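Note sheet for the following structure.
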Amino acid sequence: MVPSLRPALLLLLLQAFLLWDSPVAASIQEQYCESLPPVTNHSGPQCNASVDLIGTCWPRSAVGQLVARPCPEYFYGVRYNTTNNGYRECLANGSWAARVNYSQCQEILSEEKKSKLHYHIAVIINYLGHCVSLGALLVAFVLFMRLRSIRCLRNIIHWNLITAFILRNATWFVVQLTMNPEVHESNVVWCRLVTAAYNYFHVTNFFWMFGEGCYLHTAIVLTYSTDKLRKWMFICIGWCIPFPIIVAWAIGKLYYDNEKCWFGKRAGVYTDYIYQGPMILVLLINFIFLFNIVRILMTKLRASTTSETIQYRKAVKATLVLLPLLGITYMLFFVNPGEGEISGIVFIYFNSFLESFQVRSAVRKRWHRWQDKHSIRARVARAMSIPTSPTRVSFHSIKQSTAV
């Protein structure tokens, strides 16, 4: 009984003195290491039991053997995964290799460290996405401004939506570059105005998406002549309606949650729903618009002579194009799901990717559509100018162009 209890007793003593950086603790650790049986029963040359600088015990082992020992549980206050191993070789001369391979020992991240890591990755995604999107938006804005031939009501709505996205992205950069913990705590007037401006342009994005939905729904579902629609109606929807909403939100913040530059929210105070509520409402209305538009599209496709597979493919393609245009994708994670680890991580990455890269994809689709339209016109114009049989060549060229 006594020999079997000796290693356990030494282990308890080792744990008691482990926190002491003293010769006593080191001596007990070495005694415990020497008491361990050899890794393999071998009568030949061996490496003596040894304790490395980290505190890992390497028991007696045969020469030429690669010995595996569990990773240390704690090292300099950092917790490691003990299911993995560190490796050390017993050399042919009976001494241990100076280098110990701890490459497989992984740090066990605390919840706080995990959340910080995911937050920093999300910030990088946000910066990258906003830079790319802002560049694409500026190109699209210049194109709409220079090309007077495409200034119909539909494209004016697109132009205003792009402008709203540009202003929101610009204020996002202002927020990121000027807001720091000191500014948040000081709660100065200018930082509250920056927050109000950012939220205003954020709301205008949703209301201009609502304007896109109104136009498409009127033209496709209601079969109402779009010539009777006026530009001022959509300007009121996109730019004017969000203003009193943000003013009401600012008054609520001023009286009930006037801290930290109006970012975040105090427990039990729901002033942010003053502007988030209308945003959710327009998303729900746009979802109804999308349902009706796809329903009409499917009805028209079934009436055509094309095969069923092609019909469904066209319907799916149209739906995927309309989803970001009407802002429906924001419905997936509009509200933070809570403090759960997995749901919180998904929320962070999804919103970072969605808010920063979605604009670029929408602008790219609009750009390709504009290119196709102008390439068709150019080919038709070239075909009409060929000095051969005008009727035959022009008809063939137009037929080819419309088939593209």
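Cβ from N, Cα, C; glycine included.
The signal peptide annotation in TrEMBL covers 1-26. The domain 'G-protein coupled receptors family 2 profile 1' annotation in TrEMBL covers 32-109. Marked as transmembrane segment by TrEMBL: 119-144, 156-175, 232-251, 273-294, 315-336, 342-363. Per TrEMBL, the feature domain 'G-protein coupled receptors family 2 profile 2' maps to 122-355.
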Should anything in the same chain at least six residues away from the transmembrane segment (232-251) have a Cβ under 8 Å from its Cβ atoms, list it; otherwise answer none. 153, 156-157, 160-161, 164, 192, 196, 199-200, 203-204, 207-208, 210-211, 214-215, 262, 271-272, 274-275, 278
At least three Cβ pairs under 8 Å linking the transmembrane segment (156-175) and the transmembrane segment (119-144), pairs spaced 6 or more in sequence? yes
In the domain 'G-protein coupled receptors family 2 profile 1' (32-109), averaged pLDDT is 82
Just to be sure I understand, if DSSP states are collapsed into helix, strand and coil, how many residues of the domain 'G-protein coupled receptors family 2 profile 1' (32-109) fall in each? 4 helix, 27 strand, 47 coil
